[in-house]
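A short worksheet on the structure shown next.
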Amino acid sequence: MTAFTRFAHSRVSWFFLTGSAIALEAAALYFQYVMKLDPCVMCIYQRLAVFGILAAGLVGMTAPKYRIIRILGVLGWAISATWGLKLALALVDMQNNPSPFSTCSFLPEFPAWMPLHEWFPAIMLPTGMCTDVPWQFIGVTMAEWMVVAFSGYLVVLLLFIVPILSGSNKPSLYK
């Protein structure tokens with residue numbers, strides 16, 4: 001087993017995934033509550049995608065020696081990062097090509113059985129407009145930075161997918 005595979009099978013690798021998602025969520029809350037930048041519906045959906053990556057990291061951390069746990073973690077990671085990238089690209093398009101016919105809704109469209117914007121309004125209730133660009137860093141908007149972040153998650157996933165999925169189904173009791 002290579003060092004790369006051993007790292008992929010360790011809790012530390014999944015901790016880094018979880019920690020990066022926590023850092024992104026903390027940054028989002030900093031922008032919202034300290035810098036007073038209102039999140040739009042697409043921002044809330046992206047926030048949910050980051051929570052999906054966080055959850056995938058927590059799943060992977062539970063028992064990374066077991067292949068089934070790693071597979072579940074990878075699936076959550078892949079689905080959340082892909083969905084987040086799709087949302088971030090759509091938001092960049094909305095901001096770069098504003099149209100009165102292409103707007104986002106005022107309330108998120110969560111399922112009736114899971115109204116996250118009602119349960120957690122401090123985190124999941126949108127208060128901004130999708131076409132607003134209230135912040136830039138080195139000429140790159142927040143939506144464009146999220147394209148970078150989700151693309152980064154997918155690149156790391158591609159680097160790690162073979163080592164994560166390789167190896168035994170369960171750890172040996174005799175090593």
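The backbone N, Cα and C atoms fix where each Cβ goes, and this holds for glycine too.
Values in this document were obtained by computation on a predicted structure and should not be read as measured data.
Going by Swiss-Prot topology annotations, Lys65 is found across the membrane from Met94. Helix, strand and coil counts under DSSP for the topological domain 'Cytoplasmic' (65-71) come to 5 helix, 0 strand, 2 coil. Cβ-based crowding with a 10 Å cutoff singles out Cys40 as the top-ranked of the disulfide-bonded residues Cys40, Cys104, Cys130. For Cys43 (disulfide bond), the same-chain residues 6+ apart in sequence whose C-beta sits under 8 angstroms from its C-beta are Ala28, Leu91, Pro126, Gly128, Cys130, Met142.
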